[in-house]
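What follows is one structure encoded as structure tokens, with my remarks underneath.
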Amino acid sequence: MKRYGLIGEKLSHSFSKEIHEAIADYTYDLMPLSREEFPRFMEARAFTAINVTIPYKKDVIPYLDAIDDAAKAIGAVNTIVNRNGRLIGYNTDYTGFLYMVRKHGITLQNKRVLVIGNGGASAAIQAAVRHEQAAEMIVVDIVKGNGAISYEECFAHHLDAQVIINTSPVGMYPKSGASPLDLALFHCLEAVLDVVYNPLSTKLVLDAKDRGLPGVNGLEMLVAQAKQAVEHFLDTLIDDAVIDTLYKKIERERNNVILIGMPSAGKTTIGQSVAQRCGKEFIDMDAYIVENCGKSIPQIFEESGENGFRARESEAAIALAGRNGAVIATGGGIVKHKVNMDYLRQNGIVFFIDRSLDKLITTDDNRPLSSSAQAVARMYEERIELYRKYADHIVDNNTTIDACAERITEILNR
Ligand SMILES: Nc1ncnc2c1ncn2[C@@H]1O[C@H](COP(=O)(O)OP(=O)(O)O)[C@@H](O)[C@H]1O
Ligand SMILES: O=C(O)C1=C[C@@H](OP(=O)(O)O)[C@@H](O)[C@H](O)C1
Ligand SMILES: [Mg+2]
């Protein structure tokens, strides 16, 4: 019987089963192995082809009969094919990374490249950067040595890096507020790549985008390395187009849909409709806060003022930003604290629901901030630039709820 799959120590968060089974028509098993189980598994050779992940990418090498040049240069293998009893090793992290670089039109040749982190993923990427003939490659790590310099040394001498590649886990969920370095320091920066794919866009990638630079997340590389592994598994060539299709599909499924805009603009109502149309879960952030506090919004404002409410709103934003594939209607003031949007944007595509001001005035007790035309106008003045700044898309809501929800669904599906 043919057997395909992935070995590694902890595999519960792996996307590989989903990706492989979308590209090929075999069953792909996640096979977590403890350190004790690992040697027996490799000696038995009872598989057709496997991928290898942390911590076994180096440890598999002694069990193999041959490895290709890239895997040899890197000293790590992520793909093993059993060809009539002979185990052959490859490294598609290397080729997957090169796919991602080329796809985004990023040139490494003659560039000063800064690689953050010096672990397994870094080894493959360092080999790829060398292959692309970078002018200079600096590796920085929290642990100095083994080819890596310290952050101190990096800040003292290498702020002229042109391309930054994060191979470290810094910025990965659940510590997604973190970034390995402040991009503002790097005055020659042209592009940033990150191997982390949960969240879909790390803080580092969003910082690059905010500076008008290409910021590339690790999901594309993940899909590319899997597609190239399938090619080795089945000894066939597959069109690269499948990478983009699959990458976009996973991104669409995992991204949250975040609705922002003035109070009464229609975020809650439209959010429910979008969720229903797309078969996604709906979360209303105000309702989430009320449920968690056991108090109504006016009650929270009364007891702890706007600041008290904003603190609870930030807690909710950070918690909900870790969700996947939900439609999240925020409260109108979400944009007032940058940290809220910093988190929500990591796993979300942001829609600004724009409704004309005269339609926003309300005597609803639940909206203590929008009871008069003056109050609404003042609030609008204060926030409009922020709504625009954070929006990936601006959608008009001056006709029907249905029309607006339909427009959002259209944008999501294109
Ligand atoms: N396009 C629209 N047509 C008619 N009523 C609308 C429209 N958009 C919003 N509303 C109404 O405005 C009120 C406020 O909407 P809601 O979804 O609660 O806004 P938000 O969550 O942005 O504060 C609701 O009664 C909703 O039905
Ligand atoms: O704009 C705001 O500052 C607020 C908007 C409300 O949500 P809606 O936008 O759903 O009304 C709610 O979060 C709170 O009353 C504060
Ligand atoms: Mg609402």
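Glycine is no exception: its Cβ is also placed from the backbone N, Cα and C atoms.
Taken straight from TrEMBL:
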{"type": "BINDING", "residues": "Ser264, Ala265, Gly266, Lys267, Thr268, Thr269, Arg367", "note": "ATP binding site"}
{"type": "BINDING", "residues": "Thr268", "note": "Mg(2+) binding site"}
{"type": "BINDING", "residues": "Asp286, Arg310, Gly332, Arg383", "note": "substrate binding site"}
{"type": "DOMAIN", "residues": "6-80", "note": "domain 'Shikimate dehydrogenase substrate binding N-terminal'"}
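Residues Ser264, Ala265, Gly266, Lys267, Thr268, Thr269, Arg367, recorded as binding ATP, reach a greatest CA to CA spacing of 15 Å.
Cα separation, Arg383 (substrate binding site) to Ala265 (ATP binding site), rounded: 13 Å. Less than 8 angstroms from the CB of Lys267 (ATP binding site) sit Leu259, Ile260, Gly261, Ala329, Thr330, Gly332, Ile353, each of them six or more residues away in the same chain. Only Lys267, Thr268, in sequence order, out of the binding-site residues Ala265, Lys267, Thr268, Thr269, Gly332, Arg367 have a CB under 6 Å from ligand 3.
Among the binding-site residues Ala265, Gly266, Thr269, Arg310, Gly332, Arg383, the ones whose Cβ sits under 6 Å from an atom of ligand 2 are, in sequence order, Gly332.
In this structure, the binding-site residues that sit close to ligand 1, with a C-beta under 6 angstroms from any of its atoms, are Ser264, Thr268, chosen from Ser264, Thr268, Arg310. Comparing Ser264 (ATP binding site) with Arg310 (substrate binding site), their Cα atoms are 18 Å apart once rounded.
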